[in-house]
Amino acid sequence: MSRRRGACRREIVSSLLASSPTPQPQVFDLLIRTYTQSCKPREAFEAFRLILDHGVPVPAAASNALLAALSRAGWPHLAADAYRLVLSSNSEVNTYTLNIMVHNYCKTLEFDKVGAVISDMEKRCVFPDVVTHNVMVDARFRAGDAEAAMALVDSMVNKGLKPGIVTYISVLKGLCRNGMWDKAREVFREMDEFGVVLDVRSFNILIGGFCRAGEIEAAMKFYKEMRRRGITPDVVSFSCLIGLFARRGKMDYAAAYLREMRCFGLVPDGVIYTMVIGGFCRAGSMTDALRVRDEMVGCGCLPDVVTYNTLLNGLCKERRLLDAEELLNEMREREVEPDLCTFTTLIHGYCKEGKVEKALQLFDTMLHQRLRPDIVTYNTLIDGMCRQGDLGKANDLWDDMHSHEIFPNHVTYSILIDSHCEKGQVEDAFGFLDEMISKGILPNIMTYNSIIKGYCRSGNTSKGQKFLQRMMHEKVSPDLITYNTLIHGYIKEDKIHDAFKLLNVMEKEKVQPDVVTYNMLINGFSVQGNVQQAGWVFEKMRERGIKPDRYTYMSMMNGHVTAGNSKEAFQLHDEMLQRGTIGQIRKKKCRHGAIVNIQDSVETYTFGFEGSPRKERVFHISVLLGVLSSVKTQEYAVRDGAFVFRALEKSSTPLNFQVLF
């Protein structure tokens, strides 16, 4: 059969009908199969319709070939039209026809149509088989309806159909996908009891599912069970386990499984090597990451752009920008083209180090290579410029971003709002905030905290607190940072009582103060000489179960020193030693102008107090000498001074002290 150039389907069908007084279905079967095998399902459909219009029966094999081709081509509605023609023409159908149409509707999760197809077929004495049920089980799981999927499995058994390995694999996949781990274990045991031959695929589904869920013990248990049964793990098995350990930072285990993989004669692919490299990079072990890269190349597995991007990200995090540049050059030498992620990673690395000019050069290079920057790239550069205090260039990037029709997100606005607030330009920050809201981008707590910080830095903490009311009105709950910022602002403005009131507000709003909150208030009261109120806050802090740190004790001791309470200061000092609270201070100004200067090298020395481990305790001496400078009786000065200098004498540490009274 030859086709004239330009002949249409109608002419071909008419020619075939005219060529024989009795049309041969086999000829039309061949015609439809020729179209479908040539990846021309639409032409096959048109020919099929013309053949049926002439009343010629089409064999089931030809109909099925057409239905399958249309479904595979992504034309489910055209497949449905062809199916209706098959039924209306009373053409032959079989179980394969049923399964094709069930699969066609299951792909789009149209279960009502699946039911209609089954009903139509059963009227023609064509009944669902194991394949039909397997397709429906998988679709129900994909739809998230695990209960319906398991009911289908039960119905198979009731109909005398025996679920096979394919059925159980669909069930295991679905249960793992839906996080039904206990049920997955139960089905796995059921498979074993029913004599279903377990293979590496069955184990891989469970190992992979538990790995994705981060269940290390469960994943390893199934891996060991697989080995116990003599089933050889494959690349998928090791890929799941190595990926899990690499993500969790357990690189000893990841490396061990990589070695075990080779013992089975399996060759790690680029994905596995990249996972291991990524794990070492996240752990800050760049030497190991680069070693694995060298091993990867030595095995003939060339790194791709994802591998290089992983290494570049690790080097930039470790501030090894020169090594990152060398790696970029190597990447180009190996003809691996840098992508958007490559440049954005390097730009972020340079911006973090304050090398914004180099970051801009990379940005220009990226544009010359016709790589379109995204919002992440612009946010990185804008943040870099803002950190350098160059709001002019940040605004230029803002304009450039808009000219390329890349629109700011909440991160962009937050960066600019925070930067303007850092400079005390609260009104400019409000401009960005209003624009942000007008575009439907809701500010988060970090954005609001930046505005409050701006008010506090410009000496307008009361306005910051008023803004807090607006924030709460907009149903954004203040957090610990919000209140700590306001408390710090009030203390800077010598409004300690306004700061203290916020502690009560925090309790009312159920925001738990932390050690920083209490330290600011204790220090604020101590500086003002109100050691009694400082002591009340100190006790409140301990009642709340918050452990005082060195700054807490220092503030309290300084308060007592200022008030002339040397005994209380020494008691706090002893308590601090007993609790093991350690700290340092280089220069401390005490009452009556007493100054303790400790040479810089003293930080490298340690000295011990009786009954205490050897720790850096230089700051204790400065505080104690401050106490000595303020004591009002010679008795205390001599007794406590002797204690301090005995401690110094025991330490054998060369310290220079100059005390000016």
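For all residues, glycine too, the Cβ spot is worked out from N, Cα and C.
Some features that TrEMBL has for this protein:
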| type | residues | note |
| --- | --- | --- |
| REPEAT | 129-163 | repeat 'PPR' |
| REPEAT | 164-198 | repeat 'PPR' |
| REPEAT | 199-233 | repeat 'PPR' |
| REPEAT | 234-268 | repeat 'PPR' |
| REPEAT | 269-303 | repeat 'PPR' |
| REPEAT | 339-373 | repeat 'PPR' |
| REPEAT | 374-408 | repeat 'PPR' |
| REPEAT | 409-443 | repeat 'PPR' |
| REPEAT | 444-478 | repeat 'PPR' |
| REPEAT | 479-513 | repeat 'PPR' |
| REPEAT | 514-548 | repeat 'PPR' |
| REPEAT | 549-583 | repeat 'PPR' |
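With a threshold of 8 Å between CB atoms, the same-chain residues lying at least 6 positions outside the repeat 'PPR' (514-548) that come near it are 480, 483-484, 487-488, 491, 494, 496, 499-500, 503, 506, 555-556, 558-560, 562-563, 565, 579, 581.
For the repeat 'PPR' (129-163), the DSSP-based tally of helix, strand and coil residues reads 26 helix, 0 strand, 9 coil. With a cut-off of 8 Å between Cβ atoms, the residues of this chain six or more beyond the repeat 'PPR' (409-443) that come close are 375, 378-379, 382-383, 386-387, 389, 391, 394, 398, 401, 450-451, 453-455, 457-458, 460, 476.
For the repeat 'PPR' (129-163), same-chain residues at least 6 beyond its ends with a Cβ under 8 Å from one of its own Cβ atoms are 95, 98-99, 102-103, 106-107, 109, 111, 114, 118, 170-171, 173-175, 177-178, 180, 183, 194, 196. In the predicted model, residues of the repeat 'PPR' (479-513) average a pLDDT of 92.
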